[in-house]
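**Student:** Pasting a structure below so you can have a look.
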Amino acid sequence: MVDQFCFYPESKTLEVETQDPLLASLPQGGNEIDSNSIFGQTAPFILDLGAGEGSFALAYALQNSGGYVLAIEKKISRVRKIVRKAKNLNLKNLKVLHFYWELFLKDYCKSSAVDEIHILFPDPWPKRRHHNRRTLNFQSIESISRVLKPKGLCRLVTDNQDYFLAVTKLFNLSADFELITPKKNYPESLFEQRFKKMGIPYFQALWEKKAAKGCP
Ligand SMILES: C[S@@+](CC[C@H](N)C(=O)[O-])C[C@H]1O[C@@H](n2cnc3c(N)ncnc32)[C@H](O)[C@@H]1O
């Protein structure tokens, strides 16, 4: 059953399936979503953007039983895989949203609602003429800043050095973030496992959203 269609600027459509309790759905109104509206309770809200087959999101949800993980993925076959694995693990603190993450952040997510954002191996679009297809850009970093709580974290891992440097530059240009050292080891995503196995180097950065002036 498909009960809602979301339109993408390039006139592609995405089906938002809502019959499975593990699938999150989007309300009509804008910029209202937080952990409470999706999971029915307020708790640390963690986003895995472009979750792929969900290796990181599933492992991280297992590790963080006190938090809620929302995996966002545009490919329905991958969304179904994550749901299947989450059911096998009997996970209650993970949901999957079949959607474009940059639109979720821009038009649906509440301001200062998110504790952690993980963007692991975003599609690199290495050719110069395709750089405008990259999901991390000036606009999406503005959205990341809007939805993160003060002291909220945004983590990027990519094997594409050029993309990494371009994104690092954008975060540096924004006055809202500080580059920090990760305090813990995060579970590996499927792509991270693959690159590690092949001995291909990859790059990681973690930014913290600065607290508003006057706040501790
Ligand atoms: C290279 S894969 C990495 C998957 C996973 N993060 C990992 O590290 O194993 C990139 C994933 O992002 C998804 N993706 C790309 N653009 C997206 C978007 N705008 N919104 C949601 N998912 C997206 C792709 O379908 C793909 O599954």
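Glycine is treated like the rest: Cβ placed from N, Cα and C.
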**Student:** Taking D34, D48, D159 as the options, which does TrEMBL list with E73, D123 at the S-adenosyl-L-methionine site?
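**Tutor:** Among the candidates, TrEMBL records only D48 at this S-adenosyl-L-methionine site.
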**Student:** Looking only at C-alpha atoms, tell me how far D159 (substrate binding site) is from D123 (S-adenosyl-L-methionine binding site), rounded to the nearest Å.
**Tutor:** 10
**Student:** Return the single residue from the binding-site residues list (D48, D123, D159) that has the minimum number of other CB atoms within 10 Å.
**Tutor:** D123
**Student:** Taking only the Cα atoms, work out how far K127 (substrate binding site) lies from E73 (S-adenosyl-L-methionine binding site), in Å, as a whole number.
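**Tutor:** Checking the Cα atoms of K127 (substrate binding site) and E73 (S-adenosyl-L-methionine binding site) gives a distance of 23 Å.
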**Student:** What three-state secondary structure does DSSP assign to D48 (S-adenosyl-L-methionine binding site)?
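**Tutor:** Strand, per DSSP.
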